[in-house]
Amino acid sequence: MARNKIALVGAGMIGGTLAHLAAMKEMGDIVLFDIAEGMPAGKALDLSQAGPVEGFDAKLKGTSDYKDIAGADVVIVTAGVPRKPGMSRDDLLGINLKVMKAVGEGIRANCPDAFVICITNPLDAMVWALREFSGLPHNKVVGMAGVLDSARFRHFLAEEFDVSMEDVTAFVLGGHGDTMVPILEYSTVAGIPVPDLIKMGWSTQEKMDAIVDRTRKGGGEIVALLGNGSAFYAPATSAIQMAESYLKDKKRVLPAAAHLTGQYGVDDLYVGVPVVIGAGGVERIVEIALDEEARKGFQVSVDAVEELLEACKGLDSSLA
Ligand code: A3D
């Protein structure tokens with residue numbers, strides 16, 4: 001049986017980390033695509049030389065030619081620019097929208113059967129645009145944000161409760177970052193919901209509120225510490241978990257930016273919700289009843305995504 005093929009479009013900080021993780025896990029052969037000349041080939045060669053030491057067999061190739069992503073089973077997209085000082089959100093949107101157009105067309109022409117995971121920001125709008133430009137079925141194009149946001153939340157909760165991170169689950173809805181909606185009732189330690197843990201004296205509502213706030217600003221905290229660029233280890237790990245669930249048909253239940261068609265009262269938008277990822281891509285959207293507060297928080301996310309989509313449509317008439 002032929003190995004799977006993983007195409008990484010964007011070979012920057014996240015792209016390089018994705019390649020490293022995918023190789024270490026022997027997920028398949030890996031193509032690193034970037035418009036930067038030489039750099040993807042350099043990373044591919046460097047990583048290939050880790051193979052004999054680590055004992056993995058994966059063919060790695062760096063390229064600037066879309067033909068090399070032909071037949072990819074999974075495409076993970078990080079291509080684009082991150083925000084720099086002096087840039088408005090509209091500037092970022094305009095640049096990355098053009099990048100999504102080129103990437104979408106590259107995917108359409110070369111690997112229309114792939115499962116596509118978008119990471120490029122602003123995530124919820126870029127994944128929608130990438131789907132439009134690629135023309136792939138909605139269940140085969142998904143955005144990574146929820147796994148990362150919930151991982152940040154789980155890390156902080158595990159520290160607060162002084163328990164293994166493995167035993168902490170978190171349930172988040174909504175857009176990436178500031179508009180994320182954590183649902184404490186569905187976030188647990190070994191199945192015990194957080195509100196029960198508060199009653200048991202393990203923590204306080206105030207501490208939980210502070211953790212939610214820190215999680216929402218989690219990306220910014222890392223940007224400020226790094227001084228240049230944004231988080232890349234945890235974002236890459238999160239996307240790899242989604243890719244593995246697809247390739248191994250694991251049917252993991254993971255939060256992701258998925259295309260809604262009426263669920264949660266939302267139509268034709270990508271928003272973060274729990275989904276089942278298996279061999280069919282996004283096989284199911286998990287819809288839970290929301291209380292008043294969660295519904296309000298979710299609506300804020302939806303409004304923010306809608307606003308971004310309107311801006312995208314204004315910038316590219318083919319999307320209108
Ligand atoms: P970076 O290291 O700058 O890598 C981006 C790469 O994209 C660079 O190597 C560019 O050369 C390349 N690129 C630019 N234009 C194109 C193009 N048209 N085709 C192919 N490649 C191109 O950034 P990064 O890896 O740190 O981050 C990548 C993206 O992920 C950014 O948009 C971040 O804002 C975003 N991000 C999202 C999350 C989420 O949770 C959603 C988290 C962290 C970062």
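Backbone N, Cα and C define each Cβ position, glycine as well.
What TrEMBL records for this protein:
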DOMAIN    5-143  domain 'Lactate/malate dehydrogenase N-terminal'
BINDING   Gly10, Ala11, Gly12, Met13, Ile14, Gly15, Asp34, Asn96, Ile119, Thr120, Asn121  NAD(+) binding site
BINDING   Arg83, Arg89, Asn121, Arg152  substrate binding site
DOMAIN    148-306  domain 'Lactate/malate dehydrogenase C-terminal'
ACT_SITE  His176  active site, proton acceptor
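Everything TrEMBL records as a feature, shown here on the structure.
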residue	record	DSSP (3 states)
Gly10	NAD(+) binding site	coil
Asp34	NAD(+) binding site	coil
Arg83	substrate binding site	coil
Ile119	NAD(+) binding site	coil
Arg152	substrate binding site	helix
His176	active site, proton acceptor	coil
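In this entry, Gly10, Ala11, Gly12, Met13, Ile14, Gly15, Asp34, Asn96, Ile119, Thr120, Asn121 make up the residues listed for NAD(+), with the farthest two CA atoms of the set 17 Å from each other. Less than 6 Å separates the Cβ from ligand 1 in the case of Gly10, Asp34, drawn from the binding-site residues Gly10, Asp34, Arg83, Arg152 in sequence order. When Cβ neighbours within 10 Å are tallied across all protein chains shown, the highest count among the binding-site residues Gly10, Gly12 belongs to Gly10. Shown are the recorded positions Arg83, Arg152, His176; of these, the residue with the fewest other Cβ atoms within 10 Å is Arg83. In the domain 'Lactate/malate dehydrogenase N-terminal' (5-143), helix, strand and coil residues by DSSP number 67 helix, 25 strand, 47 coil. Distance noted between the C-alpha atoms of Ile14 (NAD(+) binding site) and Arg83 (substrate binding site) is 15 Å. Taken together, the residues of the domain 'Lactate/malate dehydrogenase C-terminal' (148-306) have an average pLDDT of 95. Ile119 (NAD(+) binding site) counts 27 other C-beta atoms within 10 Å of its own C-beta, drawing on all protein chains shown. Proximity note: of the listed binding-site residues (Gly10, Gly12, Asp34, Arg83, Arg152), none has a CA within 10 Å of the CA of the residue listed as 'active site, proton acceptor'. If you compare Cα positions, Arg83 (substrate binding site) sits closest to Asn121 out of the binding-site residues Gly10, Gly12, Asp34, Ile119, Asn121. The Cβ of Asp34 (NAD(+) binding site) has 22 other Cβ atoms within 10 Å, all protein chains considered. When other Cβ atoms within 10 Å of the Cβ of Ile14 (NAD(+) binding site) are tallied across all protein chains shown, the result is 27.
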